[in-house]
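Trainee: There's a structure below that I have some questions on.
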């Protein structure tokens, strides 16, 4: 019997050895390749990790729990403008539960999409607007200043500076969603439908000729030992603006994949699902060997995207620092606390010492720079439209929110002059943000902050798994 136990022990050790080697290699490879200074900027990954962990993540997580930021109005029924959508989720958790009207704070549901300014938050005005059921109309009880502001807002919303296709919040199909009750996580949405969405984004909107094949693209012909080198040779030959565009999309894709790995359906017993991190899924998506070196590159693009949105928050701070701006829900005390917390986050973003320099973009001759910027904007706007082709409601919700958040960040980065001219005590006639854009901006950055935190957690889990195998 002892001999049998020794044989069993030896067999167990032999079986564990390959797993131990694989986990050890994955941990060292991810640590070694997702490190150092990022391309196209002067910031290192360790600095971002520490800044996010100790300054940003705890505060942004708390902010996302506040009423102003947890309710997001979205139209999940807009038809796909490019093809007949035929995808569906494989599990029920793809469903999005809209928020009952009774649960929405009165200051959010009764106001105009831009109604976060103190001049527009008189209780009587809110009641009149709600009673009239004219959410987009200019109420006759408003002051002349407020009327002028609303007209300016409407005119601004019709302008051509948006990087995203915005949902019409007045549409009967638009509904409020409680983001805390509909978290982003694995839904089982995959296959042809999901692949077609990402393929359309990369192949048709990232300035790439069809003769250049993206790494891990299943349609790419066999290219021997190329391992994507020809693609990256092409990418490095692009101008800065087009390289940045690709990295933003790749970083967003990596962030979404990290969320799915970290909130994976591990098991379901008696109808009660158990969600948690899935190391095997993380390895499949990011392991240097399984992805032929592509996984670590994508994770570095996640950090680059984080830097872009961090820079946008630091630039837009003056907009919210004005006394006229009030993140209004109807709960005066909570609203004041929410703004204080938001301003505290902005102060942290401004203290970061290694920001991306957006002035290096679109800096050529004026005519060429203007044309390139417009091409950049239209390509990204097209990607926001593709989000209506996602066949899973929960994936569509978070895809639309994070795309809109990034689009809002880009709008901010390229509106510096307008932000500098903001009046202190009156509505702006230039730069404006709708409540929808504000909620998307902060939640999208919150998702990136969470992704970086989750990447740190996976490194710890890999270390623990290696120790356990030993």
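Including glycine, each Cβ sits where the backbone N, Cα and C put it.
Small disclaimer: the values here were computed from a predicted structure and weren't measured.
According to TrEMBL, the protein has these features:
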type	residues	note
ACT_SITE	392	active site, nucleophile
ACT_SITE	395	active site
BINDING	185, 187, 198, 250, 253, 285	FAD binding site
DISULFID	89-94	disulfide bond
DISULFID	129-164	disulfide bond
DISULFID	392-395	disulfide bond
SIGNAL	1-32	signal peptide
Trainee: Compare the C-alpha of residue 285 (FAD binding site) with the C-alpha of each of the recorded positions 164, 392, 395, and give the closest one.
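Mentor: For residue 285 (FAD binding site), the spatially nearest of the recorded positions is 395.
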Trainee: Applying a 10 Å Cβ distance cut-off over all chains shown, what neighbour count does residue 164 (disulfide bond) have?
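Mentor: The answer is 24.
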Trainee: How big is the FAD site in terms of the longest C-alpha to C-alpha distance among 185, 187, 198, 250, 253, 285, in angstrom?
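Mentor: Value for the max Cα separation, rounded to a whole number: 21 Å.
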Trainee: Counting other CB atoms within 10 A of each CB, which of the recorded positions 94, 392, 395 comes out lowest?
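Mentor: Selected from the recorded positions 94, 392, 395 on minimum Cβ neighbours within 10 Å: 94.
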Trainee: Neighbour count, 10 Å Cβ-Cβ cut-off, for residue 253 (FAD binding site): what number do you get?
Mentor: 18
Trainee: To the nearest Å, how far is the Cα of residue 185 (FAD binding site) from the Cα of residue 395 (active site)?
Mentor: 8
Trainee: Which ones are near residue 392 (active site, nucleophile): of the recorded positions 94, 164, 187, 198, 250, 253, which have a Cα within 10 Å?
Mentor: 94, 187
Trainee: Can you name the residues of this chain that are 6 or more positions from residue 250 (FAD binding site) yet have a C-beta less than 8 Å from its C-beta?
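Mentor: Within the chain, residue 250 (FAD binding site) has Cβ neighbours under 8 Å at 297, 298, 301.
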Trainee: Report the same-chain neighbours of residue 198 (FAD binding site): residues 6+ apart in sequence with Cβ closer than 8 Å to its Cβ, ordered by sequence.
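Mentor: Counting only residues 6 or more apart in sequence, the Cβ neighbours of residue 198 (FAD binding site) under 8 Å are 253.
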Trainee: Whole-number Å only: compute the distance from the Cα of residue 94 (disulfide bond) to the Cα of residue 187 (FAD binding site).
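Mentor: About 5 Å separates the two Cα atoms.
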Trainee: Which whole-number value in Å describes the distance between the Cα atoms of residue 164 (disulfide bond) and the residue listed as 'active site'?
Mentor: 17
Trainee: Measuring Cα to Cα, how many angstrom lie between residue 395 (active site) and residue 187 (FAD binding site)?
Mentor: 8
Trainee: What is the total of other Cβ atoms whose distance to the Cβ of residue 285 (FAD binding site) is within 10 Å?
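Mentor: There are 20 such Cβ atoms around residue 285 (FAD binding site).
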